[in-house]
Amino acid sequence: MDGAHSAGLQLQPLPPTSGATSTSLSSSEGSFSYKENLIGALLAIFGHLVVSIALNLQKYCHIRLAGSKDPRAYFKTKTWWLGLLLLLLGELGVFASYAFAPLSLIVPLSAVSVIASAIIGIIFIKEKWKPKDFVRRYVLSFVGCGLAIVGTYLLVTFAPNSHEKMTGENIARHLVSWPFLLYMLVAIVLFCLLLYFYKERNANSIVVILLLVALLGSMTVVTVKAVSGMLVLSIQGNLQLDYPIFYVMFVCMVATAIYQATFLSEASQIYDSSLIASVGYILSTTAAITAGAIFYLDFLEEEALHICMFALGCLIAFLGVFLITRNRKKAIPFEPYISMDAMPGVFDHRNGAGLVAPKLTIQRSSASHIHCGGRSGSWGAMSYYTAKKLLNIILSRCSRRGAGGWREGTKFKRAYCS
């Protein structure tokens, strides 16, 4: 009996210690975070690839219609609608990726779209090149694609693994944390200063415009991750739509995205698209990673070596995107010429010295458009920046005879030639 009893005692398993329990939990959580990171990275890469294909399809549709006698509008072609559907599918994939992986991992993966666009452009080019000329023409694109791929690999490998659930309580706690409030204060002050120099001082530098876009974009990606994460949790059964913070984040996401598009549209009227793509990617990615590190604490428990390798991957990806866009053909600048006598909306009047001087009055008709009128006709609606740029051209072409002005709200601003 004693032997049987002792044998039974020996067969009883020992309870696990607290250290073993914590180790097993941490390993399971780590593997779960790694799987979520992998799902988010694959969704982001897939989304950016599909978006790149969609944009090239729509571009191909526009080019084909412009080079043919087809009288149809672009939105009546199947190619354009196919591009639109693929664009929506790709953006949906990118939107869903924010719910699975940290913000610092998803944002730099937009370099995939630049790589794909460069490869598609080389494949579908219609010109015939000799092998030596082809290599000389696209050597920077090849090097840039290689560097961007290496940078993307480092980003995915050394990205933060910690990723918390996007519940209403977590988002509200991050929203009132003092690091994020301090970041918001600095971002708002910097945004107001840049906006003042852009609107009042005519500081139309591409860095100023794209810094405005980057600051807005940092808030956009923060809100996108919150909205995407809460929607995915709600689909999985953990309802999060009852929290008011969801609707606050949704409104901020839509508003910042609209203002981003406005500034990008104005930048595209002045600068080449390849320059906007490279500089915008660098500034927007840097601002978004900074916002994610402060708001979601992406790098809080990461090792210094992982952070340094992640930063190295970002720098390599930045260099690769810059080389890809650097290889684009530069557009020939157009020097406009305006005839003061033949221009509608300009009429002659006598100044104090009895000399004839052309006069131009530009009045704002809406928040984003203005109306240029005069006794000899009307220019109709044009963008506010275009009208101010046109006025600067007029004043630079004329001598002491020129005068012009524009109305901003209740204030009327006038400029004279000197």
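Each Cβ is built from the backbone N, Cα and C atoms, and glycine gets one as well.
Now, the feature entries from TrEMBL:
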type	residues	note
REGION	1-24	region 'Disordered'
TRANSMEM	38-58	transmembrane segment
TRANSMEM	79-100	transmembrane segment
TRANSMEM	106-125	transmembrane segment
TRANSMEM	137-156	transmembrane segment
TRANSMEM	176-198	transmembrane segment
TRANSMEM	205-224	transmembrane segment
TRANSMEM	244-263	transmembrane segment
TRANSMEM	275-297	transmembrane segment
TRANSMEM	303-324	transmembrane segment
Quiz item: In the same chain, who gets a Cβ under 8 Å from the transmembrane segment (79-100) while lying at least 6 residues past its ends?
Solution: 36-37, 39-41, 43-44, 46-58, 60-61, 64, 106, 163, 166, 221, 224-225, 228-229, 231-233
Quiz item: What same-chain residues lie close to the transmembrane segment (275-297): Cβ under 8 Å, and 6 or more beyond its ends?
Solution: 102-104, 107-108, 110-111, 114, 162, 164, 174-175, 177, 179-180, 183, 206-207, 210-211, 213-215, 217-219, 221-222, 225, 264, 267-268, 314, 318, 321-322, 324-326
Practice problem: Tally Cβ pairs under 8 Å between the transmembrane segment (303-324) and each listed stretch (38-58, 106-125, 205-224), then give the stretch with the top tally. | Solution: 106-125
Quiz item: Same chain, outside the transmembrane segment (38-58) by at least 6, Cβ under 8 Å from its Cβ: which residues?
Solution: 74, 79-80, 82-87, 89-102, 105-106, 109-110, 112-113, 116-117, 120-121, 124, 156, 159
